[in-house]
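Asker: Quick one: the structure is below, and I'll ask about it shortly.
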Amino acid sequence: MSQLTHINSTGEAHMVDVSAKAETSREARAEAFVGMKPETLAMIIEGRHHKGDVFATARIAGIQAAKRTWELIPLCHPLLLTKVEVQLEAQTKYNRVRIESCCRLTGKTGVEMEALTAASVAALTIYDMCKAVQKDMVIGPVRLLEKIGGKLGHFKVEQ
């Protein structure tokens, strides 16, 4: 099993020193879901929400969150992201919204946390915008789908 990289020999948390690492191309994809009543989902799809376009707002929130992950998650490095994409899909069969994020850069550390943060904050934004209509929406699961690049190479979730 791998060692925890953010814990030093005395058990203290610290930010990993990546100064000696080579810059490589890295990408990560994550997903999140927001479950809701059919009426709430229909309101979003039909654009009837009094606060405006729920998907557009959630997309922008996810993008902004990815860019600020280092301010939200302790010990994360500030990264120069070259791509952040957030896609939202209404899944009427399951009464939910599926969010998929993709983050990319050329750098010394991975972008998994940025992708996970983008998907999570997009989901939280949907909840925030729709909570007046439905308070019992369910967020989750949230998970990493794929990681490309870095020392550990390629990871992809099995479907």
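Positions of Cβ are set from backbone N, Cα and C atoms, glycine also.
What Swiss-Prot records for this protein is below:
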ACT_SITE  ASP128  active site
BINDING   LEU75, CYS76, HIS77, MET113, GLU114  substrate binding site
Asker: Taking the Cβ of each of the binding-site residues and counting other Cβ atoms inside 10 Å, which one has the highest number: LEU75, CYS76, MET113?
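Answerer: Output for this query is MET113.
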Asker: A 10 Å Cβ contact count, applied to the recorded positions GLU114, ASP128: which residue has the minimum?
Answerer: ASP128
Asker: Apart from LEU75, CYS76, HIS77, MET113, GLU114, which residues in this chain have a Cβ no more than 8 Å from the mean position of the Cβ atoms of those residues at the substrate site?
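Answerer: Once LEU75, CYS76, HIS77, MET113, GLU114 are set aside, the remaining close residues are THR69, TRP70, ILE73, LEU79, THR109.
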Asker: Round to the nearest Å and give the CA-to-CA distance linking the residue listed as 'active site' with HIS77 (substrate binding site).
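Answerer: Counting only the Cα atoms, the answer is 28 Å.
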Asker: Going along the chain, which residues six or more apart from HIS77 (substrate binding site) have their CB under 8 A from its CB?
Answerer: MET15, VAL16, VAL18, TRP70, LYS108, THR109
